[in-house]
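A.B. asks: Quick one: this structure, given as structure tokens, is what I'll be asking you about.
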Amino acid sequence: MRLIETNGIAVRLGGAMVLHDVSLAIDRGEIVTIVGPNGSGKSTLLRTIIGAIKPAKGQIRRSPGLRIGYVPQKLHIDPTLPLTVARFLSLPRRHAPATVRAALEQAGLPDLRDRQMTDLSGGQFQRVLLARALMENPDLLILDEATQGLDQPGSAAFYRRIEEVRQEIGCAVLMVSHELHVVMSASDRVICLNGHVCCEGRPEIVAQAEEYRAIFGSGTQGALALYRHDHDHGHDHDHDNPHSHEAAE
Amino acid sequence: MMLDDFLMRAALAGLGVAIAAAPLGSFVVWRRMAYFGDATAHAAILGVAVALAFSMSVFVGALVMSLIMATTVSTLSGRGFAMDTLLGVLAHSALAFGLVAVSFLSGVRIDLMAYLFGDILAVSQGDLAVIWGGAALVLGLLAWRWQALLTATLSPDLAYSAGIDPRREQLVLTLALAVVVAVAIKVVGVLLIAAMLIVPAAAARPLASTPERMALIATLIAAASALGGLRASFAMDTPTGPTIVCAAAMIFAATTLGSSLWRRHRSPSVL
């Protein structure tokens, strides 16, 4: 079942053609990651999908009533705007205090209700952004480099949380990531973007593709090695990392 | 009655402007539109001149000119102009052209001060109806669009992803701004309208933990400034509009200083 489908879209930003001939579709419940070099149009593609940029060509079809939860790359909160965590979770729609409390508990942040958004640490801020995106039980969760600025245990915990979320509410996930090893182990499908879709498919297939190797070169080897390593050793890397485990709760 | 009738009307006019300007002013502060408010207000003097020349209602002239200015700035802002330069040019040119235009009209030169600094003691019952009608319209607009306005203010992309068009919300604010400018001319005059928008909101910031509380506290501060300023201007025989702004500025100084002292006093025990 298609949640969203783009058909040959082209996007122009300030005269420059940033994307062309991008056709892709996201199905219910799958995790799709977009990879690509800097300036390849990854963020532009996400912003086009949420409706912030109008494509110059092509169409975007959404399934009727599609609910999108969006986690932006970064969010600047002006110091003149007082905003508690609880109030932030009630945007764009208000929620009952009990719902907000439950959401914060789910996110592992039960004590931050009345904290100002500007006083949060990077990891807390990221988890609050995710919690807000989940308030409406989205069909499609869109994350733009959501772990930027987090250390490795922090970002590992963040991606584990996304996997949990998918299992809990069954949403599809579309994300942009620089962390190739995460992409390779956590995605059902990878789309390699460089102005257009170079190649796409299951992670191990994309990793073998010539187009992908041309872009990521030697980096690919490392990512692939890590991917194999993760699979060889099953799940034992989960409990030798108490720090990130703690952070996830 | 303790208050003379004209003082009662002046108080009601000041309150009307205060309760519309303060919540809108909160958005002006959050969105960093202070200069934008200035440009819109200064354009109103051109509207006044045009209205006097064609013997139309001054309110309508100011409203139309403010709307034209506000939409012009909104439109240009999306096109890569350096915003502060553009606003500086537009705000002061509008004021200059307005002043020149007024000087062509015979017989109104005496009234100029009233439009620049307000003439709250000359508020008629008709003016009161316009002020409170405008204030109700602005408050209604803000209440109706509140959640969407806040989301769009926080991040246009978050708004888009929730199906909210931030450009539409910008238009709502633009419209509300033009209405506030038009109704506030009589009370504080075009030169000080931006102060009524920004000073109460800025004074409320250190006391507030959520946007709603900030808007509410700003409204209370604006109302207190309007009434206190009116009283002080009557007692000291000073121009009313500027006295109201002085009262608001003193509250701003008090809350800002007070909160920084409070934080310094408390921080050792917190750490």
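Backbone N, Cα and C atoms are what each Cβ position is placed from, and that goes for glycine too.
Take a look at what TrEMBL says about it:
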TRANSMEM  B:6-30  transmembrane segment
TRANSMEM  B:42-69  transmembrane segment
TRANSMEM  B:89-108  transmembrane segment
TRANSMEM  B:128-146  transmembrane segment
TRANSMEM  B:175-203  transmembrane segment
TRANSMEM  B:215-234  transmembrane segment
TRANSMEM  B:240-262  transmembrane segment
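Thinking about packing and proximity, how do these listed features fit into the structure?
C.D. replies: A Cβ distance under 8 Å defines the sequence-distant neighbours of the transmembrane segment (B:128-146), meaning residues of its chain 6+ beyond its ends; these are 9, 12-13, 16-17, 19-20, 23-24, 27, 59, 169, 172, 175-176, 179-180, 182-183, 186-187.
Sequence-distant neighbours of the transmembrane segment (B:175-203) (same chain, 6+ residues past either end, Cβ-Cβ under 8 Å): 13-14, 16-18, 20-22, 24-26, 28-29, 34, 36-38, 40-42, 44-45, 47-48, 58-60, 62-63, 66-67, 70, 95, 98, 114-120, 122-123, 127, 130-131, 134-135, 137-138, 141-142, 214-215, 218-219, 221-222, 225-226, 241-242, 244-245, 248-249, 251-252, 254-256.
With a threshold of 8 Å between CB atoms, the same-chain residues lying at least 6 positions outside the transmembrane segment (B:215-234) that come near it are 7, 10-11, 14-15, 17-19, 21-23, 25-26, 120, 187, 196, 199-201, 203-204, 207-208, 240, 243-248, 251.
With a threshold of 8 Å between CB atoms, the same-chain residues lying at least 6 positions outside the transmembrane segment (B:240-262) that come near it are 10, 14, 117-121, 187-189, 192, 195-196, 199-200, 202-207, 221-222, 224-226, 228-230, 232-234.
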